[in-house]
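Undergrad: Structure in structure tokens, see below.
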């Protein structure tokens with residue numbers, strides 16, 4: 001008997017590992033895998049779990065740790081930055097969804113309390129599933145991704161009042177106002193406890209523990225704080241989960257919150273998996289089969305209602321039609337916190353067994369199809385953008401004031417809000433290169449326009465935006481957006497408009513490079529690879545390797561590694577240089593004290609000495625193409641040389657003689 005719980009844990013771990021291995025391969029979130037594990041192991045299918053009660057105890061610990069980590073991540077400073085999305089967007093989405101679902105549920109003979117509770121359950125979306133998918137797709141920092149995040153944060157925050165409010169609407173007391181009053185008193189007391197506990201006690205305690213430099217002691221102390229506050233709130237008649245949230249909140253403002261979060265995450269992930277498994281165990285497959293038409297129709301209704309209301313919320317917040325579709329489909333599922341709430345509601349008999357099973361079935365199905373809904377969201381949004389709809393629907397409620405754009409030619413076109421791209425606009429203005437930025441973030445656009453920068457607001461996936469930015473006549477295009485799908489779409493459209501201009505694309509991973517080259521990119525800069533190179537360059541500096549040797553080494557690394565991500569046989573060739581991957585053209589400025597200033601090309605004999613060929617010289621605003629042997633090189637000339645990267649690196653010495661002298665004097 002004493003090994004019963006160990007056997008149950010072993011079965012759950014074995015099934016979870018197998019199911020999630022398969023789900024990871026097909027890119028379905030692990031939460032869905034845990035739910036399926038519970039269904040497979042539960043009493044309604046195989047019944048291989050001996051004691052469901054033991055698993056529910058572990059699940060309760062998982063809920064406590066889950067709410068504790070939410071409290072740890074709670075940041076007032078972050079909330080202030082996205083307060084409009086969190087409080088207005090979240091409030092509109094939650095309130096409207098609750099109201100609509102409540103009216104429908106009441107129409108189908110649920111009493112008002114039960115209907116309101118079902119509205120609460122349905123209004124919540126899955127933070128874990130949605131954020132995992134957006135992170136995998138690198139869309140969490142996109143315009144629509146930040147709106148989705150803001151709404152989910154509001155839902156996480158509203159869970160705490162819902163946990164307090166559920167016992168009131170489910171209680172036998174007829175004096176609800178009195179219950180609300182006492183709930184308010186308790187809440188005020190808890191808030192004061194958190195404020196003063198954090199100010200006078202928590203920081204000092206954590207500092208004293210941290211000074212021991214004992215990580216095991218620190219971990220035990222964090223768990224002690226979490227469970228103690230949770231137990232205290234439970235003794236006061238509130239939930240363990242609410243207490244765990246408060247414990248996390250108390251630690252969140254301390255300097256040790258990140259360390260605490262790092263320590264608690266493995267425990268949270270492990271124990272919260274038991275929670276989702278326990279939910280799967282509750283799902284009666286026989287009920288689903290007996291009521292399959294009702295389950296499927298309810299899934300469709302829930303997805304439709306949540307999608308429409310979330311889309312409406314995004315529209316109110318000023319999103320374009322594309323963003324409206326993306327936000328709507330991202331928030332169309334029922335969330336994991338609804339499971340916490342439904343178990344509490346079931347204990348207060350707020351819903352019948354029939355509606356309890358119907359909710360579980362709908363929640364599991366909607367969470368399972370979420371990856372597919374988000375996957376089709378972008379193609380669907382592209383199709384919707386082509387519909388003949390009013391301009392207000394396509395561009396959003398609050399289009400920014402558009403600046404006058406001259407007929408630019410041979411300019412630098414910057415696409416994206418990446419900090420590197422934003423810095424490039426400043427650099428371009430400094431060296432007087434004509435440029436234009438296209439940014440799909442109204443706050444950044446407004447800020448940049450106020451600084452006098454040439455920037456327009458718009459989604460560069462739309463051809464009209466690219467045409468307005470004169471992408472067809474741009475000299476160089478730089479694309480730096482958050483996700484691969486968007487980068488591919490923009491690159492393809494830019495290349496369609498402009499067949500000849502170099503397109504430089506930043507991406508996060510080396511593996512993305514081949515797809516971007518096929519889409520039309522001239523050069524791809526993988527972020528992870530460039531970061532590694534930058535770090536290695538600093539390492540070589542510390543080993544006192546000469547600067548020229550470092551440049552040659554780094555150039556060789558770039559050439560070899562980019563060769564790995566480019567299959568040259570598959571990649572289409574667009575120019576003679578692309579067929580000569582070892583050659584490149586570099587622009588070198590002639591320094592004032594350079595030994596080549598005042599000499600002709602024949603005197604310097606670049607070809608014999610360095611293996612490079614001078615193809616052009618720029619003097620002031622005049623370009624000398626095809627310079628002859630007697631062409632004289634003057635100071636401040638920009639000389640364009642063709643050669644291998646290591647050859648050019650050696651030739652640089654002559655051009656930067658003054659720089660070399662100053663370096664040697666140091």
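The backbone N, Cα and C atoms fix where each Cβ goes, and this holds for glycine too.
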Undergrad: Between 146-168, 399-421, which stretch does TrEMBL give the note transmembrane segment?
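TA: Of 146-168, 399-421, TrEMBL gives transmembrane segment for 146-168.
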Undergrad: Run the contact check on the transmembrane segment (295-317) against the transmembrane segment (86-108): 3 or more C-beta pairs under 8 Å, excluding pairs closer than 6 in sequence.
TA: yes
Undergrad: Pop the mean pLDDT for the domain 'RCK C-terminal' (573-657) in here, whole number is fine.
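TA: Mean pLDDT for the domain 'RCK C-terminal' (573-657): 78.
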